[in-house]
Amino acid sequence: MFEIGDSDFLLDGRPFRILSGALHYFRVHPDSWADRIEKARLMGLNTIETYVPWNAHSPRPGTFDTSGMLDLERFLREVAAAGLYAIVRPGPYICAEWDNGGLPAWLFREPGLGVRRYEPRFMAAVQEYLNDVLRIVEPLQVSAGGPVLLVQVENEYGAFGDDPTYLKAVAEIIRSAGITVPLVTVDQPVDAMLAAGGLDGVLRTGSFGSRVAERLETLRRHQPTGPLMCMEFWDGWFDHWGGPHHTTSVAEAAAELDALLAAGASVNIYMLHGGTNFGLTSGANDKGVYRPTITSYDYDAPLDEAGHPTLKYHAFREVISRYATVPDDVPASGAAAPETSAALGSPLRLLADPWGTWSEHAELPTLDELDARLVLFRTEVPAEGPVLLSIGEVRDRAYVFLNSAPVGVLDRERHDRALMLPHGGHLEILVEDQGRVNYGQRIGEPKGLIGPVQLDGVELTEWSACVIDLDAVPALWDSVGPVAPGVGPTAWRASFEVETPVDHFLSTVAWGKGFAWVNGFNLGRYWRRGPQQTLYVPGPLLRPGRNELVVLELDVMADPVAHFVAGPLLGPLEL
Ligand code: GLA
């Protein structure tokens, strides 16, 4: 039995301080979950917290995938098996530097549908989703002998909206799915946000990583009784492409944690272990400039991206030992990863032999209308001399080719929207979605060349579109034959030998921009801009003997060779 007391959480009637660490099952290979959970226990934590990403579980309406890395039940059972408790934060919106803050893109295809407010069609979809998640969570509540102590309603709602009917309805859906453990909300410790994001009868918690005393005081004003909890104790931060790699001082982070625990508060360390934005799962920010988030979610957390303890781990463990019993065992430090190289060969060029079927469109469709993340568009430009190509807004990056020769790249981050074509001809534009904004009012916006697309002020019509199915890229060689290397997006492959299937780090410094797969698993995006210069390859993806690497280079490769290096290179701390 877990309850909210006058000043504490109560577990079976006795005061209980939550010492939790955030660990997102969907950012870690499932065969590594148990290892990370055990290391949380050895740091002195008694609880693991996770979000649930709606869009990963429901890539299409009416689906709910719980296979592999999405097996929430297995994850919660592994938490319980380690003797730890769990906190589940199912959103429906989660932020989390995750594509679209977890909201499925298909929601936004319905004209006029309003998200994160009481809107009937949105609420019907939320109800279906939450029922699917909570069917898993309900039997795993602490009252039923399971690990789950708390369930969170929405996420930092006070930073987005002001619709108490909506928040209340989400809480009611959670309750009617059989959740009887206490519910919580989280908000940044700002009066207006705590006021708009809270609900009577639901414990308010805060998200912050510094100025602990002041933040707890603000939280206390809005939560006059009950335990104080920092639901996101930010111990690091995330990175954007082209920005510095963020780290925080170990001593300062440890001192803030100490202050929090000395004040008697409960904590969820965000992150204990960040993991990786595999595939196309990373989000973006946009406060006037679009900034996509990188693939690594190392977060400068106590356990690094490969799950190894850092100096911060040991410092936090020592702080926790002042307030709670910490197991004697200390996890071992990470060893250097195997170094090996392999030449990339068998190039397949998209412009030479498109990797899909063409569809015809009188008007240019968005990527959303095509249900795609990467699309090659083509049309004919009837002009003798130079002509101006202009686009309302490029979301997010367009590689422009004329008669198969590159004429430029338009990038949303630079606010690029026009290009002078030197002459008419066969125009091809590859459009890339670099991740949806996950915070603020731009969530859900459509991707693609957002109109109008004009030639000297006249709308360009009659387009053909070829959707690139990224999941199918590793199998392209079954249907497309290699050609000579040349202009435009190119898929390469290599095989490499592995003795023991341990973690590897793939260097991307000599490459341009694209994606890499190992044995068919999409490791995520790489980009020479950095800051990260390596991709994390989880050991469980590998097998002894021959393994296959596939790289889709959208830009240009300086050196078509794959190098696996001894450790991660996450980039410069200052620019
Ligand atoms: C907020 C959100 C989290 C995450 C952090 C930053 O606290 O609630 O999901 O985005 O910011 O890492």
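Cβ atoms here come from the backbone N, Cα and C positions, even for glycine.
Where the annotation comes from TrEMBL, it is an automatic prediction and has not been curated.
Note that the coordinates shown come from a computational prediction; the quantities given were computed from them, not determined experimentally.
In sequence order, Cys95, Val186, Asp187, Gln188, Met193, Gly197, Ser207 are the residues near Glu156 (active site, proton donor), counting only same-chain partners six or more apart with C-beta under 8 A. Per TrEMBL, the feature active site, proton donor maps to Glu156.
The active site, nucleophile annotation in TrEMBL covers Glu232. In the three-state DSSP classification, Glu232 (active site, nucleophile) falls within a strand.
Residues annotated as domain 'Glycoside hydrolase 35 catalytic' in TrEMBL: 9-322.
The annotation domain 'Beta-galactosidase 1-like first all-beta' is assigned in TrEMBL to 374-466.
According to TrEMBL, the feature domain 'Beta-galactosidase galactose-binding' maps to 489-547.
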Taking the Cβ of Glu232 (active site, nucleophile) as the reference point, list residues of the same chain whose Cβ is under 8 angstroms away and which are at least six residues distant in sequence.
Ala22, Val186, Gly206, Ser207, Phe208, Gly209, Asn268, Tyr270
